[in-house]
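Student: Dropping a structure here in structure tokens format, bear with me for questions.
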Amino acid sequence: MSIDQSNAAKVAKLARIKVEDDALPALASEFNTILGFIEQLNEVDIEGVEPMVSVEPMRLKRREDVVTDGNQQDKVLANAPDAREGFFAVPKVVE
Amino acid sequence: MSDLNKLGLAEARDALRAGDVTSVELTESCLKAIDDADALNAFVHKTPEIALERAKAADERIKAGDAPSMCGLPIGIKDLFCTKGVPSQAASKILEGFKPEYESTVSQQLADSGAVMLGKLNMDEFAMGSSNETSVYGNAVSPWRRGNDDAQLTPGGSSGGSASAVAADLCLAATGTDTGGSIRQPAAFVGITGIKPTYGRCSRWGIVAFASSLDQAGPMTKNVRDAAIMLEAMCGHDPKDSTSTELAVPNFEAMLTGDIKGKKIGIPKEYRMDGMPAEIEKLWAEGAEMLKAAGAEIVDISLPHTKYALPTYYVIAPAEASSNLARYDGVRYGRRAQLAQGDGITEMYEKTRAEGFGHEVQRRVMIGTYVLSAGFYDAYYNRARKVRTLIKKDFEDVFAAGIDAILTPATPSASFGLGEMTEADPVQMYLNDVFTVTVNLAGLPGISVPAGLDQQGLPLGLQLIGRPWEEGDLLNTAYALESAGGFVAKPGKWW
């Protein structure tokens, strides 16, 4: 499976990373090098093998569904590039 | 006492408790060494005020006879750990200005054990790299040189600043993190000890996430005893990390007897690679001989899926990274790109992430996005997770057959020059992790121990891989190897 420029542009869009048009050929070529390396996995017989979902066989712990933390609005907003009136501020989302 | 910064943790601890030295003296000695070593670019955020304040508190505790295990010992913290009120950027432009309102569990535990934080250490951006060349702070530089050649060498990566700082005696020890070899490869490149514990030993809470099913923190130290002391302080159950284990943490230092009689050490044939330098082959054979002379039994073993570990890693790690790094959106923390008139929220995300992420990070996020995207999920991501099951089973099989630890080279080469790999394709750089990455995929503990110098006078390391949760036994085997090898070389000071 080889990636062309339009695939590369689609991936960049999905990843929400702006890539200029003139950078797409080099990006597509890098993807193909890495994916070519990954293709080796097709040699492995994986018939009947379960995908690994947990490094150690364990069930994630459960806890009561209650608030354990909170009332830290100022701390939550302290690192925001743009915070106003107790909220994160972003460009207009809905027209 | 002079040159206090050159002490290891155990030596300094004993000197502190004997009253021969104070933590303030130790800390001042390290702060001076740090200020003299800007050429190494290891410490990227210095915190002398915090250091001296903690050192004074530690001296009080020692005087009062209430000294916990690392009381008064000055260390460096990798920039990947969130440290309250201190810049924590994961060496990325996208986290410029970020000062966490909280402390990572591991750095908090170290502080609770009395350790003194000297500052934050350079690394590859988001821990993605093997040479510390992807950092927004610029390259960290190894204190080692090839003889009289003044070319700058890499301290390895991603924990390159940690490696450089410990090898150059800027601190007594440092924290690292290891997703594919990022503690063990840099440790090997600069002639120090680095251990990645079993997945789940150290809490990941407050450590900037790269690939959550592979990331583990660990110590980078001047010797194996120091690794045992510091690892114990870093480990333990944390309810804030759902994959953190509830197992008790043993006294690792007390397990360092050096007695490995009857232990079975496996030598995996698949780690003998085409084109491996003869020096590495020789070092590996010598390591096996030393363990044998100490009473261990050397057994040839097979880990048949080794060859597929790197390609598996380069599906799973980018997939998890693309998900973890989705949080850097220019809204909640860090840096937002300057927007043009009329730009909406999508342009904000795309411009912020294009400006904020470096090239390697962008590449991995996009590869991860691709392997997780509709139509390719089964072909790439699910296939890789199945091969990962087989890689883990390879290890389970040899441990079930009675193997106690596995001996391999730590890296396929000695340190290389900064910039030397710039023209190589990304896969060439990824090969640095060929011996270490299997251990992360299987969740096992692995330790890199300095074992010799190559013809150019650069350090080479050997890796020991242990059974899950048996870091104590692994450290003891490493201790036996260290004692037999007698590695004492240090870089000559040029900086």
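Here the Cβ of each residue, glycine as well, is placed from N, Cα and C on the backbone.
Unlike curated records, TrEMBL annotations are generated automatically.
Dumping what TrEMBL says about this protein:
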type     : residues  : note
DOMAIN   : B:25-475  : domain 'Amidase'
ACT_SITE : B:Lys78   : active site, charge relay system
REGION   : B:139-160 : region 'Disordered'
ACT_SITE : B:Ser158  : active site, charge relay system
ACT_SITE : B:Ser182  : active site, acyl-ester intermediate
Student: Quick one: Cα separation, the residue listed as 'active site, acyl-ester intermediate' versus B:Ser158 (active site, charge relay system), in Å?
Tutor: 5
Student: May I ask for the distance between B:Lys78 (active site, charge relay system) and B:Ser158 (active site, charge relay system), taken between their Cα atoms and rounded to an integer number of Å?
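Tutor: Counting only the Cα atoms, the answer is 10 Å.
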Student: Do any residues at least six apart in sequence from B:Ser158 (active site, charge relay system), in the same chain, have a Cβ closer than 8 Å to its Cβ, and if so which, in order?
Tutor: B:Met123, B:Asp124, B:Ala127, B:Met128, B:Gly129, B:Ser130, B:Asn132, B:Thr177, B:Thr179, B:Ser182, B:Pro186
Student: Tell me, what is the mean pLDDT of the domain 'Amidase' (B:25-475)?
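Tutor: Within the domain 'Amidase' (B:25-475), the model's average pLDDT equals 97.
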